[in-house]
Structure formats: structure tokens, C-alpha cells
Amino acid sequence: MCEPPPIKFIGLYQCTHGFQYNSECRLPCEESSTQLDPAHNVIRCQKDGSWSGSFHLCDSIKGPCELPHLSITDALIINCGQGYEIGAECNVTCLDDEKKEVVIMPYNVTERYLEHWMNPTRVQRIICTGRRQWYPPPEELVCIKRCEPFIADNYCDGGNNWAFCDYD
């Protein structure tokens, strides 16, 4: 298996067999000069788990992502020091960074109904993709209580006894 191509290419390429060995992934471009070279923007997953090459953004794919929209109740801070162009990464944190962290919650679940076996995905940054959309989408991000600092101290702390904190 190969690792997925960089996030900025999400939604732009198609693969014959996912990211498995010998799968071929293509990122088609509209430019006529690249159409002449059938190997342009085609990568293949090799035996050693690496790709045979790398994708390049097509000349026709340009422009920034829109500034991420957040409501005042989101309690998120998004810092886009690299700007908003394709490939830009923005750091995301919570207003109360010491007590909360940014996650994507399981579908149809709020923090109040988060079960001990659920493990929301931690998010540290969002990336502007070639489709000029943020990944992951900022509207899916929420702040939840951070794990307490005393993990793996030979005591079972109730606040850390759930999947998100590796069941202290």
C-alpha cells in the first residue's frame, strides 16, 4: 500500500485500485500540452509502498480558497500564515487552547453524547485543496475537553478513561 497523495490533490485524481500496489492514479489536466504526454500526472504505487512520481497542479487549477467562515460560537481560531492559495495550511486551535482541542466528531454526535469507546479525529490544520475547498471542512470542526495531563502515571484517572485518551 502507498500513502494517499498530498491532501491538496483530494478530489482531483482517480486511481485504478485505490492506494494498493500497482494501482495507477491520474490527475487529468485541461492544458493541451500535457494531453500530448500520456505519462504527465500519472503515478503508480510501487512494491516498496512509494509512488513512482508526484502530481503537479495543472495550470488551469488556480486561485485561493475562501477565508474560512466561523461563527462566534465555534470557539475556533484559524491562523492562515501562508495565505489561502491551493496547498496552504492553516493552523486550527480552540480559544481555550489549554483545556480544549479541535476534533471532528463522529456523525450525529455532540460532546455531551460522546461515548467512552468513540475516538474523535484530532485536527491541527486545514489545507486548501485543488478544488479550492478546505480539508477538513471548517464547519465540521469542534472543540472538546482535552485529555488531562496525567496520562500513563500508573493511576486510572476517570477523565482520561476513554478511547480519545487511550483509556488511561
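Using the three backbone atoms N, Cα and C, a Cβ is placed for every residue, glycine included.
Disulfide connectivity taken from TrEMBL links C2 to one of C45, C58, C65, C80, namely C45. Annotation for the disulfide-bonded residues C2, C45: lowest Cβ count within 10 Å of the residue's own Cβ, C2.
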